[in-house]
């Protein structure tokens, strides 16, 4: 079965021609899928019943099923848990800002990177998400809320560079003027630092924002937090980041989760300053989300601001990430893990 929502426009034209259909039919279907956000072929009312039946028999129409929604009473953040067609689950977050709505999506079911501060790695990677499954997280949220999504962050469960080909196809579809037409500059992709794939991404010269999950200013400390550091050194990561900036002209963002007593010292701040000085970059400080299965604790507010001030005084562009959805299991993987626990406790019932 063809995953029809993962086809770009030209591929869909070819596919429809194989069914004996003219090009304009492909345009109609593409509009239903990516602009009108139809839930199924049945909603494509300007396609004949015979064509809709033919499509049902030859292709799969991905439409994620929301099984749990949490609403933050603190800031209006909404967290969605979606069931996939194979029974797996992924989660997404809608964050509301004055400049528009931003959706954080997952790129994989689970994750194999093993970062110690992240809940999505607790049970490892199950599988990659297809372009359609990444897109439909955004489509479902926009359709459920009736509010336009203006920004997309690929920073949920999974490592996007570990699902590279599907990620690039997803960006192409999301950016297509025939669909949601979300500007590349409004798309942020996070990575823990798979260097060869980051180089490939740089060579594409896309105008997306790249966010590197750094979290430590030296290899020794980073290895205790992120297993990927055993494969790629910070020096290699910084080199590919400079290459990315050179190729794209885009500023790099470095994510730095502050963990109490681990990476929040003034010495760490000094090392971080030396690491990024002179780069066209931005540091995003993140008070780590406490996870019951991990022993990491959040740095105190006073220490967070001391760390920030140290960077600012040395000319580093830095912000503290606003904590969103703190009362609704807002960190990556927490809602999925809790839901799976609930299913286990109820012996498989929903």
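Residue positions begin at 1 at the first shown residue.
Every residue gets a Cβ built from N, Cα and C, even glycine.
The model shown is predicted, which means the values in this text are computed figures rather than measured ones.
Taken from Swiss-Prot as is:
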- 91: active site, proton acceptor (ACT_SITE)
- 97-327: domain 'Radical SAM core' (DOMAIN)
- 104-332: disulfide bond (DISULFID)
- 111, 115, 118: [4Fe-4S] cluster binding site (BINDING)
- 158, 159, 190, 213, 214, 215, 289: S-adenosyl-L-methionine binding site (BINDING)
- 332: active site, S-methylcysteine intermediate (ACT_SITE)
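Comparing Cα positions, residue 158 (S-adenosyl-L-methionine binding site) lies closest to 111 out of the recorded positions 91, 111, 115, 118.
The closest partner of residue 159 (S-adenosyl-L-methionine binding site) among the recorded positions, by CA position, is 115; the full candidate set was 91, 104, 115. Across the residues of the domain 'Radical SAM core' (97-327), the predicted structure has a mean pLDDT of 95.
Sorting the binding-site residues 111, 115, 118, 214 by the number of other Cβ atoms within 10 Å puts 214 first. In the shown protein chains, 25 other C-beta atoms lie within 10 A of the C-beta of residue 215 (S-adenosyl-L-methionine binding site). Of all the recorded positions listed here (104, 111, 115), 104 has the Cα closest to the Cα of the residue listed as 'active site, proton acceptor'. When secondary structure is read from DSSP and collapsed to three states, residue 213 (S-adenosyl-L-methionine binding site) falls in the strand class. Whole-number maximum of the Cα to Cα distances across the S-adenosyl-L-methionine-binding residues 158, 159, 190, 213, 214, 215, 289: 18 angstrom.
Taking the Cβ of residue 289 (S-adenosyl-L-methionine binding site) as centre and 10 Å as the limit, one finds 21 other Cβ atoms among all the protein chains shown. For residue 289 (S-adenosyl-L-methionine binding site) paired with residue 111 ([4Fe-4S] cluster binding site), the C-alpha to C-alpha distance reads 17 Å.
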